[in-house]
Amino acid sequence: MRLRNKPWAKPLIEENPDFVVTEPTKLKGKWHTRFQNNNPIFVEIGMGKGRFIVEMAKKNPEKNYIGLELQTVAVGIALKKQLEEKLPNLQLICANGSGLGEYFEKGEIAGIYLNFSDPWPKKRQTKRRLTYKTFLEQYKEVLDSDGHIEFKTDNQGLFEYSLVSMNNFGMKFDGVWLDLHSSPEAEDNVMTEYEEKFSKKGQPIFKLEAHF
Ligand SMILES: C[S@@+](CC[C@H](N)C(=O)[O-])C[C@H]1O[C@@H](n2cnc3c(N)ncnc32)[C@H](O)[C@@H]1O
């Protein structure tokens, strides 16, 4: 998903260093000082416009949340939501998820969310998928020993690929849902922007939970 450039996004991010971290490597191993507590930290990679991570932070004040996103415009849109709420347990990072091991210390993270990640359907694009083995290696490094990954998508091909990739990596599955919204799991589900869009079209939503 490429968003059209918004000239206000970069200045807005620069004006709000309390909410957006532009140099996450400087906080490696020190994220608890940023949140000023020792609560567990959960990261969404590719948060897009931020609806999910803002809702999660609102719903669970006893947990810390970080929304990480590559596109400056998307971070700007998510920041607008955070500026309305000013949630102390939410930070945003404008960076590439491929650098996760540079932003977080071993075991610093309690959970990772991958929501409606770009499918990169062509074979030559496999390495860009957020469930490709090089990404899984980094997730393994930064997650604590009880750490989990939750992955949701509307894309059956990416879901099938991710099951195989995670299985080949030796991950264990705690749950797999082929139609999340028709299952009891839907009760606690927090929707993302993409999730709402696709489920309104009648598409089933796939979900898995897994750990290393
Ligand atoms: C299809 S959108 C989904 C957005 C949101 N999670 C949702 O469900 O509404 C995927 C998002 O992931 C971001 N993204 C893709 N690859 C990324 C990476 N390597 N690091 C950080 N963000 C990434 C894209 O810029 C895009 O905003």
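Placement of Cβ uses the backbone N, Cα and C atoms for every residue, glycine included.
Any TrEMBL annotation is an automated prediction that lacks curation.
Cβ neighbour count for Asn96 (S-adenosyl-L-methionine binding site): 14 (other Cβ atoms within 10 Å of its Cβ, all protein chains included). Here TrEMBL flags Glu44, Glu69, Asn96, Asp118 as S-adenosyl-L-methionine binding site.
For Lys122, Asp154, Thr192, Glu193, Tyr194, Glu195, the entry in TrEMBL reads substrate binding site. DSSP gives Tyr194 (substrate binding site) a helix state.
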_Nearest of the binding-site residues (Lys122, Thr192, Glu193, Tyr194, Glu195) to Glu44 (S-adenosyl-L-methionine binding site) - Cα to Cα_ = Thr192
*asked:* List the residues in the vicinity of the S-adenosyl-L-methionine site, defined as same-chain residues other than Glu44, Glu69, Asn96, Asp118 with C-beta within 8 angstroms of the site's C-beta centre.
replied: Ile45, Gly46, Met47, Gly48, Leu68, Leu70, Gln71, Gly97, Ser117, Leu130
*Report, as a single number, how many Cβ atoms besides its own are within 10 Å of the Cβ of Glu44 (S-adenosyl-L-methionine binding site).*
25
